[in-house]
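Since the structure comes first, as structure tokens, the remarks are kept for the end.
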Amino acid sequence: MATQLKNLSDFSATEIPSAAAYRFGIVVAEWNAEITNALYQGAYQSLVNNGAQPQNIYNYTVPGSFELTSGADLLLKNINLDAVICLGCVIQGETKHFDFICDAVANGLTNVAIKYSKPVIFGVLTTDNQQQAIDRAGGKHGNKGDEAAITAIKMAHLAKSIKT
Ligand SMILES: Nc1c(NC[C@H](O)[C@H](O)[C@H](O)CO)[nH]c(=O)[nH]c1=O
Ligand SMILES: CC(=O)[C@@H](O)COP(=O)(O)O
């Protein structure tokens, strides 16, 4: 498994641009809150550790990962942001519901990013079980929230460099 070869929180500080000039939205799904709260803490701390100003980080929650698309759309429609980080945890149950949510969120967030020409970061765990989620939300495989935050910083920097 690719993740087993990589820690989601391993980054070289020299490769990460400063986040000081950028404004970030973070949308967090409430489903599996013990996991998504850990993802949020990782993302928020990674932003701040790389220079983001707390007053430039706009935090919101939505009921479930399926609503992350609506959340990202509302933020980009109403707030001047350089990137939106979307955090969720979808865990396989007994039915195909998992598949529909995961596909909807991945495609939905992609469409929002294109609609606004803004980076929308897919920080959603899609796991077979709870332990896999724990391992990727501050456990042995790091924190996907860290990864999502660093991705947001890099994409915001890329967007700025292309525009100027
Ligand atoms: N089972 C999980 C859900 N289900 C809820 C959906 O995301 C959505 O809120 C509902 O279908 C109403 O639109 N959400 C997760 O984030 N994680 C899950 O494991
Ligand atoms: C991913 C889900 O929505 C899942 O938790 C729902 O469980 P089930 O497929 O057993 O209804």
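Cβ coordinates come from backbone N, Cα and C, glycine included.
Curation does not apply to TrEMBL; its annotations are automatic.
Sequence annotations record features per position, and here TrEMBL assigns active site, proton donor to His97. Taken from TrEMBL, the feature 5-amino-6-(D-ribitylamino)uracil binding site covers Trp31, Ser65, Phe66, Glu67, Cys89, Val90, Ile91, Phe122. The (2S)-2-hydroxy-3-oxobutyl phosphate binding site annotation in TrEMBL covers Glu94, Thr95, Arg136.
Residues Glu94, Thr95, Arg136 are listed as the (2S)-2-hydroxy-3-oxobutyl phosphate binders, and the farthest two of them sit 23 Å apart at their Cα atoms.
The local packing around Thr95 ((2S)-2-hydroxy-3-oxobutyl phosphate binding site), expressed as other Cβ atoms within 10 Å of its Cβ over all shown chains, amounts to 8. Here the recorded positions are His97, Arg136; the one with the fewest Cβ atoms within 10 Å of its Cβ is His97. With a CB cut-off of under 6 A applied against ligand 1, none of the binding-site residues Glu94, Thr95, Phe122, Arg136 are retained. When the Cα atoms are compared, Trp31 (5-amino-6-(D-ribitylamino)uracil binding site) and His97 (active site, proton donor) turn out to be 14 Å apart.
In this structure, the binding-site residues that sit close to ligand 2, with a C-beta under 6 angstroms from any of its atoms, are Glu94, Thr95, chosen from Ser65, Phe66, Glu94, Thr95, Phe122, Arg136. Cys89 (5-amino-6-(D-ribitylamino)uracil binding site) is surrounded by 29 other CB atoms, counting those within 10 A of its CB over all protein chains shown.
When the alpha carbons of His97 (active site, proton donor) and Val90 (5-amino-6-(D-ribitylamino)uracil binding site) are compared, the span between them is 10 angstrom. Taking a C-beta cut-off of under 8 Å and a sequence gap of six or more, Ser65 (5-amino-6-(D-ribitylamino)uracil binding site) has these contacts in its own chain: Ala29, Trp31, Gly88, Cys89, Val90, Ile101, Cys102, Val105, Val124. Packing around Glu67 (5-amino-6-(D-ribitylamino)uracil binding site) is summarised by its Cβ count: 20 other Cβ atoms lie within 10 angstroms of its Cβ, all protein chains included.
Around the Cβ of Glu94 ((2S)-2-hydroxy-3-oxobutyl phosphate binding site), a 10 Å sphere holds 6 further Cβ atoms from the protein chains shown.
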